[in-house]
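> The structure is given below, and queries will be raised subsequently.
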């Protein structure tokens, strides 16, 4: 493989929008970027890793109005939240600023003025959505209507629910004010445009020949350029944001000042580190952007055109991730299909390294990632626990008990070759942003270690020849050292623990990959090892699944009650993975949902209902399920020769003895499922109000078991 570049490299992440909490979808960008930056450092590269909160745009103004606070107060809360969450997950930026920092205001004005001076920005009178009732112009998120391209419901600047195209002010059909729900009209006003169309030829060449990264980003962007580019309105009618030069009534569009944040945050880092930001943005340093796939257009078209026009360096690579599903369902906060990083994962005591491993090893970075608590359990138990953790613990415990230090020995050629092979494969995979391949290669080395340990049977060898056993343990401990270095980018906290137990000097996080082949020093004192990874038990996973189920039920109940808008969450104007903006509400009170937006389930044919075997059952026995705080095992008579065993999550609402003798409603032909190891042959039906009330369904008259519901 070619020698790595000696150029300094800047790694950035799409900015999280300071308008809501961190969820699993966010981490598809930030964790792989952190892994990549750590890996580059282990190759000896000069790496700077920056990010920050995206703090401007209409969604923040809307939400601040709803909460009765200023936009600045709102973003301060969420900026702190993201900063703390990233650190808890082991994601450490060299600078983590905000787009409202003075550095970003100054850099944005510098670039915009430069574009004006070079003739790339011009004024144009256009039609802007205006609400006569609210007496205000309606930029972006303040207006909704029909997309002129596909007819789907869209917001003012993007068809986020349909074709995904960027929309210019005035393009939206049948505009409606999202503040009051009334019809909007178009009025003329002067705004400013960037001559994006003049960069078509440049972008075609840049995307085809110069831009690295993932092929999905390049191909999407090339497709848009081939369709033809139109000039881009870069001003908005807002008070919150970076003021457009010479026009205090206008701010620059959030997609202008947000990516410029990359430069501003580099400046902030340089000022603290006594280094140069220009080595990236004015010279030939490498710039690698990690983004969610839904913001490819902005990073591969708008952004490089602006940079080229203002005489700044353009990105070297854009790495776009695939989307995220939750339990095989489309990610949707409004539908409850979401996993919150804080309240769902970290607050329940799950180690950050487990989630980092899952995100890196589940699938290729460009493919869709499904987050499932069961798959998490399987991957952690069968891979981290049974392979990597097993090898490290058994090796270090045996060595500690029998030697107390690194025994004398030499690195065997076979072991050296396996380490060299793993290093080569990991570096190559990282260079291609194939994090799963890198993890698979690293795990193969751990598997080799287990095989090596097992085949030499040190527990027998030590009884016959302690020196020969020491040679085996020396090689096992050297493999452990190599694994600490190779896995550090993925599971940094756990590997740091193992590194210290091996008695290694120096900071694991700054030690290079090359050190994996430096011989261990015999006589180095070992510490008693800890179990690095423990199995995720069924009851913990079932608890999380129940939390997820209750969230979905609550969302369904909210919509059924007419409190939801029935729409998929929209991509906020920020740069991070999809953020849902709250429906606009009039200051001082909640807006009433429009009737046409209430969601109902689709109509079904009678034949669909007839497929359900729903019967009355009599509860004969009910008892708690061991290892679960929520489940009850129920024996029920439903008119068959034998009783049915059901498992119901009702412990929080009924004592088992309360159910005995009751007539209940049972779905009898539901496929069997195991819960906490207990088989459930059907489902006992219950109702909930989306809050704290849950009620088992029971007939109001005595009726024999087995009676069918028709």
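One is the number of the first residue shown, and numbering goes on along the chain from there.
For all residues, glycine too, the Cβ spot is worked out from N, Cα and C.
Annotation source Swiss-Prot lists Zn(2+) binding site at 147, 150, 159, 163. According to Swiss-Prot, the ATP binding site annotation covers 333. Residues or ranges marked as compositional bias 'Basic and acidic residues' in Swiss-Prot: 558-571. Under the heading domain 'tRNA-binding', Swiss-Prot lists 608-710, citing sequence analysis as support. As annotated by Swiss-Prot, region 'Disordered' applies to 558-598. The feature motif ''HIGH' region' is assigned by Swiss-Prot to 16-26. Look at Swiss-Prot and you will find 330-334 tagged as motif ''KMSKS' region'.
Quick one: how deep are these features, and who are their neighbours?
Remark: residue 147 (Zn(2+) binding site) has 153, 154, 159, 162, 163, 165, 167, 172, 173 as non-local neighbours, by Cβ distance under 8 Å and separation of at least 6 in sequence. Residue 147 (Zn(2+) binding site) falls within neither a helix nor a strand when secondary structure is assigned with DSSP, and so counts as coil.
Taking the Cβ of residue 333 (ATP binding site) as centre and 10 Å as the limit, one finds 20 other Cβ atoms among all the protein chains shown. According to its DSSP assignment, residue 333 (ATP binding site) is coil.
The predicted model assigns the motif ''HIGH' region' (16-26) a mean pLDDT of 95.
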> Including all protein chains displayed, how many Cβ atoms other than that of residue 150 (Zn(2+) binding site) lie within 10 Å of its Cβ?
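Other Cβ atoms found within 10 Å: 13.
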> Ten-angstrom check, please: count other Cβ atoms within 10 Å of the Cβ of residue 163 (Zn(2+) binding site), all chains counted.
15
> Determine, for the Zn(2+) site, the additional residues of the same chain whose CB lies within 8 Å of the mean position of the CB atoms of 147, 150, 159, 163; present them in sequence order.
148, 149, 151, 152, 154, 161, 162, 164, 165
> Take the Cβ of residue 159 (Zn(2+) binding site) and count every other Cβ within 10 Å, whichever protein chain it belongs to.
22
